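Annotated domain 'NADP-dependent oxidoreductase' per TrEMBL: 17-191, 205-262, in sequence order. According to TrEMBL, the active site, proton donor annotation covers Tyr51. What TrEMBL records for Lys76 is site 'Lowers pKa of active site Tyr'. According to TrEMBL, the feature substrate binding site maps to His107. According to TrEMBL, the transmembrane segment annotation covers 281-298.
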Amino acid sequence: MPWDTVKLNSGYKMPTIAFGTWKMGNGDGPISQVDQAINVGFSHIDTAQAYRNEAEAGQAIRDSGLKREEIFITTKYSGLNGLDIKTSIHDSLKNLGVSYVDLYLIHHPSLAVPDIPTSWKQMEELKKEGLVKSIGVSNFGVDDLAKLLAAAEIKPAANQILLHPYVYTTQAPIIEYAKAHDIVIEGYSSLIPITQRPGGPVDAPVNNIASRLGVTPDQVLMAWVKAKGAVVVTTSSKKSRLEGYLNAGDLTLTEEEILSIDVAGAEGEKMHAAKKAFRKGTLVILGCAALLGFYNYVSGAC
């Protein structure tokens, strides 16, 4: 399971696969799922204010019996309840039951109020105070990151983004920009081609690779993300799948196989864009037809 770690520009090391708690809700569910993930072998737990399950994740981490330094905790400032960054990190620490988090992210550039430079200064203060080991961002594009870096004293250690083959062409510029500035990319929702958009162009190369390696398609997508130099953020309630995700760290795709997924992903991205444009155009036409019909009705009535 050579997922190993990646060294951040802050000097700390981060496990290259993380178990995420997005969409889990709260209560016993996320407690048992985080507990299961840790028992299977995950040592990086990713949560956020907006997920409303920091307390559950914290309980599972404490119940694991692991030393604080044996688990890497990421959480995010989500602007929950309109609270500022400094208040929010103290709430998150209390929820998680820890004295610091390993990585703290601004969940989205729209949450950086009144602006990105000002918000980033607040993040830098948290790091200086020792409340967080590393600071970073999530869902930032090239322009957002450029604004941040222009005013930053401390560079973000990571940028967590949507990353799967059907958005790779769109995300390639931010991936390259981050790499040029020694910022680690984390990819979430990497299994969307399987879970939400099955039957697309990516299926063929992924299935062919899975057959060659004797693995599952989801493991191939994990290996593809790893090949792009990104940290995987994933989740599942099933132990067997979690074990498979960890085992995917052993997989190595050839350059030709990676390219085949890239090409299929770009094709799928164009098809998806065309469908969206068609639907939008159809709605416009229908709207115009409805207005014309109404106009004719009113004119006739008069």
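Numbering starts at 1 and runs along the chain as it is shown here.
Note: Cβ is positioned from N, Cα and C throughout, glycine not excepted.
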So if I draw a 10 Å sphere around the Cβ of Tyr51 (active site, proton donor), how many other Cβ atoms end up inside it? 23
Whole-Å Cα distance, His107 (substrate binding site) to Lys76 (site 'Lowers pKa of active site Tyr'), is 5
Could you give the Cα-Cα distance between Tyr51 (active site, proton donor) and Lys76 (site 'Lowers pKa of active site Tyr'), in whole Å? 9
The correct DSSP tally for the domain 'NADP-dependent oxidoreductase' (205-262) reads 40 helix, 4 strand, 14 coil
My understanding is the cutoff is Cβ-Cβ under 8 Å with a sequence separation of 6 or more in the same chain; which residues meet that for Lys76 (site 'Lowers pKa of active site Tyr')? Thr47, Ala48, Gln49, Ala50, Tyr104, Leu105, Ile106, His107, Ser138
